[in-house]
Amino acid sequence: MTIGDITPKKERKSRRSKHVVDDTAPLLPKRQDEDAGYDEFNGASFTGAVFNLSTTIVGAGIMALPATMKVLGLILGIAMIIFMAFLTDASIEFLLRFSRAGKTTSYGSLMGDAFGKYGRIFLQICVLVNNIGVLIVYMIIIGDVLSGTSSSGVHHAGVLEGWFGEHWWNGRTFVLIVTTLGIFSPLACFKRIDSLRFTSALSVALAVVFLVITVGIAIIKLISGTIMMPRLLPDVTDLTSFWRLFTVVPVLVTAYICHYNVHSIDNELEDSTQIKPVVRTALALCSTVYIMTSFFGFLLFGDSTLDDVLANFDTDLGIPYGSLLNDAVRVSYAAHLMLVFPIVFYPLRLNMDGLLFPSARPLALSNMRFAFTTVGLITLIFLGANFIPSIWDAFQFTGATAAVCLGFIFPAAVTLRDRHSIATKKDKILAIFMIVLAVFSNVVAVYSDAYAMLRRIQ
């Protein structure tokens, strides 16, 4: 399941002369008219595209993956991470191949081509639900890291609280206000996704710093014999524990969702044939990071692994400079999420504008619409982060609803619709498999979560 040759034979490799304007599409075309006010732009580089797509993928999902190992065990958990990477690869291939056939330049216009106006609107709603949920998770994690969390019933101190003690200015709400106004808002003002390539590169580097420190700590403790070998297989003792295995599916789905940004990155590439290696490189990089984080995170904390593994890094690691390493891990990943925020926010704003103003001129040409949409969405995300207690709750909701639609159901539905008669029998079998797997797994996950919640209430 790899990205196939999705470039029509007559398409030129260079995108410099490409000029496509689709006012109804939720995602921006690459070029605008001369009076649009854009700087001269000759196309995004391969490296910049890989960093942007990798940043879209490696967001907050990585923090919940060690908790999935606690449910599945190491062997089944790592196998599921690899399996989801291949399935994501196949679903992106469907999107790009059918976009080429229909000459569409965005996910929304592809859904419109296949299912009409209501297909496009449904896609835009799913992008809103998914991206708002993901960005709320980012803020929750940043708040947990800097100001602490008590969502598990036990208070885990934040970095600022550990350094300076409890004060009003390092409380959760104030810290998130400063982060929103000082970091999120300025980065959200860029009108072209390639403008974020440098912050994306830095965010990937910070994720690698987090991973390297985590691996180093785990190896030191393993050599010293202070940690036990983690559980390799799931602990299934009754029917309830069996159904609980499916609760990890929404988290794994959310971890690979990047489909809403693939067209934007593809549109800005100078060489259109590079999208194949861009996607494969990004997926390979992110899968490696996911597997190592899941393995070593679960190795470190075992069955004590929290839903947000960063919250585990406020305990005594039992090694020299443990406190310093704890802070380095948490701060590096909090900074990573701050830089990921604008990459996920970019398609959220465009799809919100496309939903509210489907016939208006492109968002980049209207400063007033751009400003009001940006401020409104950031305010909504800020409020959500202050009222939703746990990232697992947010992942379960977005993963079981919008994320599974964006990642698998919609690409499979476009393939089965096959308006341009290009789908093979193998494509349709795979599409049916995606839909059945997605629907069954997420229905079971929702049922299992609801049942567990009712039991807690009783």
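Glycine residues also receive a Cβ, built from the backbone N, Cα and C atoms like all the rest.
Annotation comment: TrEMBL describes 1-21 as region 'Disordered'.
Sequence annotations record features per position, and here TrEMBL assigns transmembrane segment to 41-65 (among others).
Positions annotated as domain 'Amino acid transporter transmembrane' by TrEMBL: 44-448.
Long-range Cβ contacts of the transmembrane segment (71-96) within its own chain (Cβ-Cβ under 8 Å, at least 6 residues beyond either end) map to 1-4, 6, 65, 107, 110, 230-235, 244-245, 247-248, 252-253, 255-256, 258-259, 262-263, 266, 275, 279-280, 283-284, 286-287, 290-291, 294-295, 298, 407-408, 411-412, 414-415, 427, 430-431, 434. According to TrEMBL, the transmembrane segment annotation covers 71-96 (among others).
Feature annotation from TrEMBL assigns transmembrane segment to 121-142 (among others). Long-range contacts of the transmembrane segment (121-142) within the same chain: residues 26, 59-60, 63, 107-108, 111, 115, 175-176, 179-180, 254, 257, 260, 308, 310, 333-334, 337-338, 340-341, 344-345, 347-348, 351-352, 354-355, 377, 380-382, 384-385, 388, 390-391, 394-395, 397-398, 401-403, 405-406, 410, each at least 6 residues beyond the stretch ends and with a Cβ under 8 Å from a Cβ of the stretch.
Residues or ranges marked as transmembrane segment by TrEMBL: 173-190 (among others). Beyond its flanks by at least six residues, the transmembrane segment (173-190) meets 139, 142-143, 146-147, 160, 196, 199, 338-339, 341-342, 345-346, 349, 374, 378, 382, 385-386 of its own chain at Cβ-Cβ distances under 8 Å.
Residues or ranges marked as transmembrane segment by TrEMBL: 202-223 (among others).
Note on the transmembrane segment (243-262): residues 27, 52-53, 56-57, 61-62, 64-65, 67-68, 71-72, 77, 80-81, 84-85, 88, 91-92, 95-96, 107, 127, 130-131, 134, 193, 234, 236, 275, 279, 282-283, 286, 290, 343-344, 346-347, 351, 392, 395-396, 398-400, 403-404, 406-408, 410-411, 438, 441-442, 444-445, 447-449, 451-452 of its chain, located 6 or more positions outside it, place their CB under 8 angstroms from a CB of the stretch. Marked as transmembrane segment by TrEMBL: 243-262 (among others).
The transmembrane segment annotation in TrEMBL covers 282-301 (among others). Long-range contacts of the transmembrane segment (282-301) within the same chain, counting only residues at least 6 positions beyond its ends with a Cβ under 8 Å from a Cβ of the stretch, are 50, 53-54, 57-58, 62, 65-66, 68-70, 74, 77-78, 81-82, 85, 88-89, 204, 207-208, 210-211, 214-215, 217-218, 221-222, 227, 230, 255-256, 258, 309, 312.
Under 8 Å from some Cβ of the transmembrane segment (331-348) lie the Cβ atoms of residues 26-27, 52, 55-56, 58-60, 63, 127-128, 131-132, 134-135, 138, 141-142, 145-146, 159, 179, 183-184, 187-188, 190, 193, 196, 199-200, 202-204, 206-207, 209-210, 213, 260-261, 264, 310, 377-378, all in the same chain and six or more residues away from its ends. If you look up TrEMBL, you'll see 331-348 (among others) marked as transmembrane segment.
Taken from TrEMBL, the feature transmembrane segment covers 369-388 (among others). Within the chain, the transmembrane segment (369-388) has long-range Cβ neighbours (under 8 A, six or more residues past its boundaries) at 132, 135-136, 139-140, 143, 172-173, 176-177, 180, 184-185, 188-189, 191, 345, 348-349, 352-353, 356-357, 360, 363, 394.
Feature annotation from TrEMBL assigns transmembrane segment to 394-417 (among others).
Residues annotated as transmembrane segment in TrEMBL: 429-448 (among others). A Cβ distance under 8 Å defines the sequence-distant neighbours of the transmembrane segment (429-448), meaning residues of its chain 6+ beyond its ends; these are 1, 87, 90-91, 94, 240, 243-244, 246-250, 253, 396, 399-401, 404, 407-409, 411-413, 415-416, 423.
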Spatial neighbours of the transmembrane segment (202-223) far in sequence, C-beta under 8 Å, 6+ residues away: 51, 54-55, 58, 62, 285, 289, 292-293, 296-297, 299-300, 317-319, 322, 325, 328-329, 332-333, 335-337, 339-340, 343
